[in-house]
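Reading through the structure tokens given below for one structure.
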Amino acid sequence: MHQGLTLSRHTNEYAGTDKLRLAVAAAIDAIAAASIDISELIGRGPLAGITGEAQGSSNADGDVQKDLDVRCDEMILAGLQKIPYAALASEESETLVLGDPGAPISVAFDPLDGSSNIDTNMTVGTIFSIVPNKQGEAPFSAPGNVQLAAGFVVYGPQTSLVLTLGNGVDIFTLDRRDRTYKCIRQQVQIPEHTAEFAINASNHRHWEQPVRDFVEECLAGADGPRSKDFNMRWIGSLVAEAYRILTRGGIFLYPGDSRPGYGDGRLRLLYECHPMAFIIEQAGGGASTGRERVLDLAAKSIHQRAPLIMGSVDKVQRIELLHNDPAAATITAPLFGHRGLFRV
């Protein structure tokens, strides 16, 4: 652990004199600076006029916007206006913010993930993805495997920034005394054998059969096919779920399901699934839709959705197998069925 390593030193050493890397570093530094102000704003809560009440408008994806969503979006946009960019994509904006078409990078971000948790004083965060700009190609039209950097900020008991520059994952925690991010962990690797899974089990009746099969294998415990007792987690905040996986292992599932509008889940590909998949893979994990690698997907629209299953490689591979080979299922009696453990 290198507690003397600050985020700014880390990005400076990464950038050197390379034009593309300098632009990436500038974007990271701008988002980090905005996140410090966002952390202070969230920390003051109602004292700063922060509530979970809806503003009355909706974002491009149809979610009701809260005042804090808009304020965080404005703070990050203000920081990014100071750097060279070709395009910006925000969850809160229906269209792209266009900059210099000759700039080396474009940035996609979710300014405040999990904002519905604000009223309950739970974890929220910021997610971002930085991609190269190729002249002659539409911004953000390439698959996720072209990302140059990705990260997320967790506004929890501590404010921490998780970052990959394509060579592993490092975690920095905000030192509020001098408003700097300092490294607490380098080259994070996801633990392989943690018996935890995270999914919103209330949607069981809407899931595809492979997802049901996987969850039922976990719930069968030590006497079931996985031969161990699993714990279930669900926070409702993607950044919190991802941080737990990085530090403790396990698997997170937000699959598509049969509800209208949920065929591809609820998470957005560009600024949620792509950056999280990049981070998780760089930490030795896997990220899939259940059928294919998330980083192989290219977005056809800036707010396109995709299922996201991420975590320890063995668990991600297991659910991919269940999708691709239904005969691999080892449990036929549904734990949630008429004769199951969750009978009503």
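Yeah, the Cβs are placed from backbone N, Cα and C, and that goes for glycine too.
When GLU217, GLU241, GLU272 are compared with the Mg(2+) 2 site residues ASP110, ASP113 in Swiss-Prot, the one appearing in that site is GLU272. Among GLU91, GLU92, GLU137, only GLU91 appears in Swiss-Prot as part of the Mg(2+) 1 site alongside ASP110, LEU112. GLU91 (Mg(2+) 1 binding site) sits 12 Å from SER115 (substrate binding site), taking the Cα positions as reference. ASN200 (substrate binding site) and ASP113 (Mg(2+) 2 binding site) have their C-alpha atoms 17 Å apart, to the nearest angstrom. Cβ-based neighbour count (10 Å, all protein chains) for GLU272 (Mg(2+) 2 binding site) stands at 27. Within 10 Å of GLU272 (Mg(2+) 2 binding site), counting CA to CA, the binding-site residues ASP110, LEU112, GLY114, SER116 contribute ASP110.
For the binding-site residues GLU91, ASP110, the greatest number of Cβ atoms within 10 Å around a candidate Cβ is found at ASP110. Residues ASP113, GLY114, SER115, SER116, ASN200 are recorded as binding substrate; their most distant pair of Cα atoms lies 17 Å apart. Between the CA atoms of ASP110 (Mg(2+) 1 binding site) and SER116 (substrate binding site) there is a gap of 14 Å.
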